[in-house]
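**Student:** The structure follows.
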Amino acid sequence: MFPHEEKLIRERLGREPNELEWAMLEVMWSEHASYKSSRPWLKLLPTENEHVILGPGEDAGIVKFDDETWVVVGIESHNHPSAVEPYGGAATGVGGIVRDILCMGARPIALLDPIRFGPLEKERNRYLFEYVVKGIADYGNRIGVPTVGGETEFDESLDSYTLVNVACVGIMRPEHLVHSYVTEAGLKLILVGNRTGRDGVHGVTFASEELSENTEEDRSAVQIPDPFTEKLLIEATLEAVYTGRVKALKDLGGGGLTCAASEMAGKKGFGAVIYADRVPLREPGMTPTEVMISESQERMLFAVKPEDVEEIGRIFEEYELEWTVVGETIEEPRFVVYWKGEKVADLPIELLTEVPTIEWELKPYSAEGPVETPDVPFERAFDLVWGSPNILSKRWVWEQYDHEVQGRTVLKPGRDAAVLKINDEYGLAFVADGNPNHSYLNPYQGAMGAVAEVVRNLVSVGAEPLALVDNLNFASPERPEVYWSFAETVRGLADAARAFGLAYVSGNVSFYNEVVDRPIKPTPVVAGLGKVKLEAIPNGGFEEGLLIGVVGLTKPELGGSELFARLGVEGGLAPRVNLEEEKANANGVLEAIRRGLVRAVHDVSRGGLAVALAKMAVAGNTGFTADLSKVPSETTNPIEVAFSESHGRYIVAFPEENLEELKGLFKHFVIIGRTGGSDAVFLWNGWELLRKPVSELKAVHESLPMLLGEEE
């Protein structure tokens, strides 16, 4: 909290707050809880379209899938905790987002985990990577919610740090919707789940400042995961919701009981009384302050009518969950805490829930600049990029996740997007994307590119995009360059979503991601939902005897590319998003899939065309011959054509008889070769640039465990 904020609080209250009141105010006025630095910009984002039932403002967003089914989606970060204690930090990140979905009245059905680390050469980064993955795997597997996709990337700027974002999706029937706020006084507040301990005390305050070198001291701010209680909480909560007697529901995440109760009561102008001494404790001798701001996990707060308390309580007892009435809602908009009969806090509730925004100084920076494309042999360029940890298969990661529990997973990890079966005819596509290298060079274009890539990934599995959520990972907003990059990012996210007719239904902002004065790159992560006809999903890999077509225009855009990163080249221009072309190509590919004209589709993104072709060869265990000189392009340099990361592009493989019909769907569309054989062959004007057996490509592609010191 800043000195001017403390002064404002004293003025509005007309007195000095006591220790408990200061603790609650510090939690609620933290960046993590209040979004005080991001709110002025987030209002630029579009939040409504024909699919949106509920936009931002509650624990998760809701999208209409069909008349019987609504989809609930949210995304969260657990960056600071995971950097300090990777296993517990990542596991509790999963638990928190699952409860966000649950408290809308939905059953969580799938997770995505976009995760980022420093270079794997360093032991500390390998340790963070292995234990973050283990934390996500253990928690998700034990609660029975499959992790079906995500991203795993490595970057110098994250040395000794980690970004752990987790998205979750759930499904519900419309009649089971429960809001996170009350609309009447006199409701009883029931706390259910785990006992309250000292873990996570000051967790949101810890998440609202930079990490120091001595991170071990911060371990007490990391919460302790208990997936077995969470599993019981999921089933008990849904059973309680299905009675129709739950009036409001919130999970206890950041800010603990203070945040959950004040937000639940204050949203519509009511107040709350909390009897903190009734809270079941895990540790003896806890103070009212510790009880009110503890972030112990696996806890939910229910609001029910007094006459329904026993019925709801019986459901919790069936699941052997401890529950207690810890307070009630009141007409007067105040937040009052009692401890053993004594009033120990009494604040106007809006002082907790309506935090003034802060607009920091904005200072543009320029990281872009003209750079000569290095003169590098084609084979060396390909080997560098194909062998990059960012390009390698993440099978080592997702094989630790039970991605098939619940039996809905139609498309498994490794494809452009995951697909989950919702009914016999339709599936839900779910994907997350971001590119910090592009965002660092040009935050506006990088953000637009993240949205465009999400759309391409959804389209590549035949899905019509429905809605988006965003997770914005940045360094300190007090740095003028960082705050400018944040504002530019939000502008890019807004413009791209509007162009596609998409809305953001939920999101998360994580500031202060830096270690010892070293800020991370701007890292917006966008997750998208789409609706797909199950029988129309194309393959992601090649099969024998098909033509290979490239959709879209390739430009000499190597700035922020995987090739430049591997060669250590800085600068260049980030790829520019042409929204009209992006939209037209997406519509064309969707139409081609609907008409059954294409067998396989893959979008072109990180690593460029060469990587996309090689991935399709490995996925289908089938070779190809492709002449890159035929690619629709604004450059005649083979390196630029092969490794540029221009947007708006797809590779399609299809039977020759569909060629004429396909040509009519696109402005830029050219046949560059054929599938077949056991080698991947790249040509330029008929001359061979590179020939690699698909078996060799596959061996390299699956070599991530070797970088971790594990033998296959």
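Cβ coordinates are placed from backbone N, Cα and C, and glycine is handled just like the others.
According to Swiss-Prot, the protein carries these features:
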type	residues	note
ACT_SITE	H32	active site
BINDING	Y35, D470, G507	ATP binding site
BINDING	E76, N508	Mg(2+) 1 binding site
BINDING	S77, H78, N79, H80, R99, Q223, E295, S296, Q297, S510	substrate binding site
ACT_SITE	H78	active site, proton acceptor
BINDING	D100, D251	Mg(2+) 2 binding site
**Student:** Among all the protein chains here, how many other CB atoms are within 10 A of the CB of R99 (substrate binding site)?
**Tutor:** 28
**Student:** How would DSSP class E295 (substrate binding site) in three states?
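**Tutor:** SS state of E295 (substrate binding site) = coil.
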**Student:** Write out the long-range same-chain contacts of N508 (Mg(2+) 1 binding site), meaning residues 6 or more apart in sequence whose Cβ is under 8 Å from its Cβ.
**Tutor:** G74, I75, E76, S77, N165, D470, N471, L472
**Student:** For E76 (Mg(2+) 1 binding site), name the DSSP secondary structure in the helix/strand/coil scheme.
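**Tutor:** SS state of E76 (Mg(2+) 1 binding site) = strand.
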**Student:** Measure from the CA atom of D100 (Mg(2+) 2 binding site) to the CA atom of Y35 (ATP binding site) and give the result in Å, rounded to a whole number.
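**Tutor:** Roughly 17 Å, rounded to the nearest whole number.
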**Student:** Pick from H32, H78: which of these active-site residues has the biggest number of other Cβ atoms within 10 Å of its Cβ?
**Tutor:** H78
**Student:** When you rank H78, D251, G507 by Cα distance to E295 (substrate binding site), which of the recorded positions ends up on top as the closest?
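**Tutor:** Sorting the recorded positions by distance from E295 (substrate binding site), the top entry is D251.
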**Student:** If you measure from the Cα of N79 (substrate binding site), which of the recorded positions H32, D100, D251, G507 is the nearest?
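**Tutor:** Result for N79 (substrate binding site): the nearest of the recorded positions is H32.
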**Student:** Measuring Cα to Cα, how far is D100 (Mg(2+) 2 binding site) from G507 (ATP binding site) in Å?
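**Tutor:** That separation, Cα to Cα, works out to 12 Å.
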**Student:** Cα within 10 Å of Q297 (substrate binding site): which of the recorded positions H32, H78, D251, G507 qualify?
**Tutor:** D251
**Student:** Report, in whole Å, the straight Cα-to-Cα distance of the residue listed as 'active site, proton acceptor' from D251 (Mg(2+) 2 binding site).
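**Tutor:** About 16 Å separates the two Cα atoms.
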